[in-house]
Amino acid sequence: MIETDAVVIGAGPVGLFQAFQLGLQGIGAHLIDALPQAGGQCVTLYGDKPIYDIAGIPVCTGRELIDRLLAQLAPFKPHWHLNTLVAALAPQPDARLLLETDTGARLLARSVFIAAGVGAFVPRTLKMAGMERFVGTQLFYQVLPAGMDVTGRQVIVHGGDEGAVACAVELAEQGRAARVSLLYRRDLFQAPEALLQRLQRLRAAGRIAVEVGQITGIASSGMPQCSTLRALQVVDAQGASHALPVDVLVAVLGISPRLGPLTDWGMAMARKQLQVDTEAFRTSVPGIYAVGDINTYPGKRRLILCGFHEATLAAFAAAEALKGDKVALQYTTTSAHLHRLLGVAPASGATGP
């Protein structure tokens, strides 16, 4: 059992800023996200698209914004639970909140901040009978597990977007796999030009094989409960079928949002969004706050900068609830206390305890 003052569900831009604002209040946080990396849809869907309405930043991409937020958050050393879904959330007799994840972790928190956007983004899966047997051993969605050894193995990356191309290119450049194939329904990929040029160079050198076609079946060996994936049956544009040997399959098919069990946690909702007050962005369940696109209130605007405002007020409210007293307003420009929390040298003229 992990006991903590705060859990933030969702590691998109608003969730990251929520953890930062909690850090300024001296509150450590655990961050949980369904994706294998921080950033939410800001990275996964809009990583290379420009954002023009973040205060003080004339323009940045979604990925650049997340990189800046992660750097800003770094001094507070949050605890990460990535590739993880919250399966259950329930108030306890002592007013704390018990969270259970799909990985088996249990967290007992004094406050919970839901920054889940339009829901937990989960990978789109292959809709093919029998594929589920290989998930986590030979079949992986979106990314390979960190540190996985593919030496001497035949790896197929299935997908046509930037994530798929990047995965195949990285594997080929590492040079450990016996063969790297990029499988997609057509020989046209959606990725930045620089990445496509790397792909072309690797193709020309014979280090990546691009396979055009669609998966229609699989070949495996062994008993059903302990079988091994051996090959994919693929049909090309001309209708010809052939087998592609495979040891490791990485399916990069995009992601889709899912509210999941959130609707069962007893909070008041309207049109699939959590109803909150505008003083502290509290939900109808004590100790649970909701910020960003997941919440709704009169005048709501689904903008990142509005989520930053909500996260700030929620952090102040939670700090007062946890400490049982009003929280003094301090400024990062002058507060020696905040400078110590941030690990920065005091500015000239800084004051405070």
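Just so it is clear, glycine is given a Cβ too, placed from its N, Cα and C backbone atoms.
Per Swiss-Prot, the FAD site holds D33, Q41, Y46, F121, D293, T333; the candidate it also names there, chosen from V86, V157, V252, is V86. In the structure as shown, the Cβ atom of D293 (FAD binding site) sits within 10 Å of 24 other Cβ atoms.
In this structure, F121 (FAD binding site) is part of a beta strand by DSSP. Here FAD is bound by D33, Q41, Y46, V86, F121, D293, T333 per the record. The longest Cα to Cα distance in that group is 37 Å. Each of the binding-site residues Q41, T333 was scored by how many other Cβ atoms lie within 10 Å of its Cβ, and the smallest score goes to T333.
Put plainly, the binding-site residues Y46, F121 were compared by Cβ crowding within 10 Å, and the winner is F121.
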